[in-house]
Amino acid sequence: MALPNGISSKQELLEAQAHVWNHIYSYINSMSLKCAIQLGIPDAIHKHGNPITLSQLADALNINKAKSHGLFRLMRILVHSGFFDKVKVKVKVEGEDEEEEEDAYSLTPASRLLLRSEPLSVAPFALAMSDPVYTETWHHLSEWFRNDAVAAFDTKYGMTFPEYAVADDRLNVLFNEAMACDAGFVNSILTTECREIFDGLESMVDVGGGTGATAKGIAAAFPGMECTVLDLPNVVGGLKGSENLSFVSGDMFDFIPHADAIFMKFILHDWNDEECVKILKKCKEAISRSNNSCRKIILVEIVMEDEKETHEATETKLFFDMQMLAIITGKERSEKEWGKLFFDAGFTNYKITRVLGLRSVIEVFP
């Protein structure tokens, strides 16, 4: 066998081929996961209460009996991907007194995060990010590199993602549900392990806070703090507040309500550096009228290039960064890049707390 230049052995060639094939077909992992959520596989196993056999699972999901082998193959790849465990259970043989062993499936920590009843469920996020509106954009990435569009999304749809989301009610709902489900996870940590971040604050504005899922959790945890959600009219129009929570419609590039603190979760990564500096300057204006010595900006964002993280964590951050490249004008940033933005916007100091897994809490001080 003639080996390509730079490959020294047949084994190296075969390993290289397997590596390439693995990446060619890696989208199948995402689509298999999406299928599992749409079929309700995690919920069916959870409802069963014990490890569930293939036939029991097929019955619970009302699967076409002619396609039970397809369900077996779907479960096989999902077990391999770590979403389910396969165990042996004893089942009674029909018409006999004997029992025999059969394969059965149980939940893993990953699939428990896909349960509809789980407060920290990421199922809505998974369904949104695997929606064709997002995935079809990737077929235009190479074209985008050679044209003048701001993102591959614009190349595909002829408009920016925010413009598309405003015009498409279905996508708007999907996106807001995805952001709301993530809020449960963030709130569970912010309001327990990071309570000191909110010490001394009497008012806070959640900029780009969507339907208020994050702000509601913070407002409930800190009843003495006035919380305001600022977002576009198509997002917050018609939403009603409660005791210490209110909604304001508007564009953060035009104005941000005054407060002791400005909170932004996964907002700045949507924008390029110039736009981020503009947003941060608006935030600085919003807290400048406060006499509170604790005034600051609170960000929940990814910080790239963390030498202590795992290979999988780095890869996931790179996925997020490429998503920003394809869909909008933003990016994920290193600590050095974050620091430059803060200082360019007139802030004097910042503090990064790595407490949210892939993301960090960043406090920015005037």
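Start at 1 and count along the chain as shown; that gives each residue its number.
Glycine too: its Cβ is placed from the backbone N, Cα and C atoms.
Residues or ranges marked as active site, proton acceptor in Swiss-Prot: His269. Summarising the annotation, Swiss-Prot assigns S-adenosyl-L-methionine binding site to Val207, Gly208, Gly209, Gly210, Asp231, Leu232, Asp251, Met252, Lys265.
Location within the structure of each feature annotated in Swiss-Prot.
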residue : record                               : Cβ within 10 Å
Val207  : S-adenosyl-L-methionine binding site : 25
Gly209  : S-adenosyl-L-methionine binding site : 27
Asp231  : S-adenosyl-L-methionine binding site : 23
Asp251  : S-adenosyl-L-methionine binding site : 12
Lys265  : S-adenosyl-L-methionine binding site : 26
His269  : active site, proton acceptor         : 21
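DSSP classifies Asp251 (S-adenosyl-L-methionine binding site) as coil under the three-state reduction. For the S-adenosyl-L-methionine site, whose binding residues are given in the record as Val207, Gly208, Gly209, Gly210, Asp231, Leu232, Asp251, Met252, Lys265, the maximum C-alpha distance rounds to 16 Å. Here the Cα atom of the residue listed as 'active site, proton acceptor' is found 13 Å from that of Val207 (S-adenosyl-L-methionine binding site). Secondary structure at Gly209 (S-adenosyl-L-methionine binding site), taken from DSSP and collapsed to helix, strand or coil, is coil.
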